[in-house]
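Structure in structure tokens, see below.
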């Protein structure tokens with residue numbers, strides 16, 4: 001049953017992440033549980049975000065219909081400080097609370113980054129006892145595969161593990177010793193001292209910048225041990241920052257989906273055969289294994305676009321068409337995973353590709369180890385190594401301009417992809433139903449004409465009758481060609497568009513992390529100009545922002561590189577298939593034409 005609420009007062013959003021309300025408007029609630037005075041929901045215009053709980057009344061009656069699902073979840077971007085509506089518009093008895101609502105608490109247990117993603121636990125692929133158990137498997141050396149050796153513990157003499165920290169000064173507490181940003185310090189509180197100024201935290205704790213750990217990293221709160229194998233290197237290439245190429249590139253095929261059973265046939269599932277080129281050893285994985293891997297990668301890499309998996313389906317999972325379509329979608333997903341210099345070398349991905357299907361213990365050890373990865377959140381950014389030295393610094397204005405340009409590009413590409421997908425889908429539907437039916441109508445009409453001519457018993461008309469009957473068969477066959485053609489040309493285009501729509505849905509969050517870091521740099525520079533912050537501290541913030549900027553630009557460059565490769569190949573395939581199709585049609589017509597030569 002959908003949760004609904006009615007707005008008691010007008011509320012105008014003042015900050016990103018909030019939504020406006022109109023009096024008497026009915027909203028859909030994401031949850032009835034408020035977080036220190038704030039609720040999250042969807043208004044009647046389809047906007048999703050936060051609003052004061054005291055401004056609405058929860059409706060207990062069943063909802064008439066569920067809220068319309070947004071294609072891409074709205075991601076809150078900044079802090080929020082809602083104001084109550086003007087008193088002149090309400091009787092005193094109906095006034096909303098005069099006190100401003102507090103922000104969500106800093107200690108609130110938010111879901112991990114990418115929290116909109118939840119691994120499926122429904123009928124598509126149930127999570128059973130051979131997958132999740134309550135026991136804790138101790139981490140063992142080599143649990144994620146022999147290609148990724150374990151490292152010495154800190155202080156154990158190992159040279160492959162390094163202690164990194166962004167902590168340079170004692171913490172002064174959130175929001176600068178307890179004062180909200182923009183609020184003056186009390187007289188005599190030492191507000192003018194350089195060491196007392198801090199860059200404020202985002203009040204909106206739902207922000208992707210906060211949940212990803214980007215804010216904590218930029219503010220110097222990350223600390224952890226980084227292994228050599230965890231380092232992610234950004235280098236300067238001809239197009240700017242790029243991820244360092246994988247020195248051992250590989251591909252992985254996905255073949256032979258087969259239906260298998262367990263529990264004496266009580267449970268059925270589809271297993272896919274994976275054959276990585278760098279091992280040559282086949283393994284079998286179910287969709288839930290892909291689902292688990294995607295969840296781990298989306299949580300770990302906040303500035304990398306992890307490709308989305310093909311959509312789930314609760315019914316018809318064992319139908320041949322669905323299995324074939326899913327396999328093609330997984331093949332595209334695997335291609336993008338193997339082509340990414342960072343994702344391809346990730347321990348969790350390598351474990352997924354190389355762990356023997358029959359070794360349940362090794363699988364669970366690797367799974368547990370991946371889930372206990374400490375290089376997530378703010379600590380993830382410690383693993384990024386960027387160019388240093390002359391010519392390696394980034395100009396903030398140039399970075400901002402490039403990111404804004406890419407943001408406009410992704411918006412336009414998303415709109416165009418949606419339009420092309422709709423057009424291709426409609427055209428394919430016409431080919432499968434309309435065109436086939438119309439051509440076969442023409443064929444049937446020619447057949448009727450041939451049957452009428454057969455009533456003439458003259459011998460010299462027999463050749464004509466046969467030629468017309470062959471023409472009818474040719475048109476019937478052409479109708480079948482039209483019905484089969486979308487599988488050859490339009491379906492692959494739509495599969496590629498679906499994959500890229502997933503990438504385009506990822507980039508608003510990636511850009512938001514980078515934008516949040518730039519905002520902190522600008523704020524620190526303002527503090528330095530006002531004499532409230534030491535230059536060294538501001539430079540540390542800018543240095544950490546540069547790391548996020550390098551990674552963001554590297555991901556943007558990788559996206560463009562792989563986009564050109566994919567669409568070039570797909571458009572060539574599409575046109576080749578179109579040419580072959582019309583050649584087949586022409587061949588059918590020419591065969592029919594030659595039947596009249598001897599009439």
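Glycine is treated like the rest: Cβ placed from N, Cα and C.
So TrEMBL lists these for the protein:
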- 97-112: compositional bias 'Pro residues' (COMPBIAS)
- 123-133: compositional bias 'Acidic residues' (COMPBIAS)
- 1-61: domain 'SH3' (DOMAIN)
- 250-360: domain 'PX' (DOMAIN)
- 86-197: region 'Disordered' (REGION)
Mind tallying the domain 'PX' (250-360) by DSSP state, helix then strand then coil?
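So the domain 'PX' (250-360) is made up of 46 helix, 25 strand, 40 coil.
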Over the domain 'SH3' (1-61), what is the model's mean pLDDT?
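Per the prediction, mean pLDDT sits at 84 for the domain 'SH3' (1-61).
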With DSSP helix as H/G/I and strand as E/B, how many residues of the domain 'SH3' (1-61) fall in helix, strand and coil?
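The counts are 3 helix, 27 strand, 31 coil.
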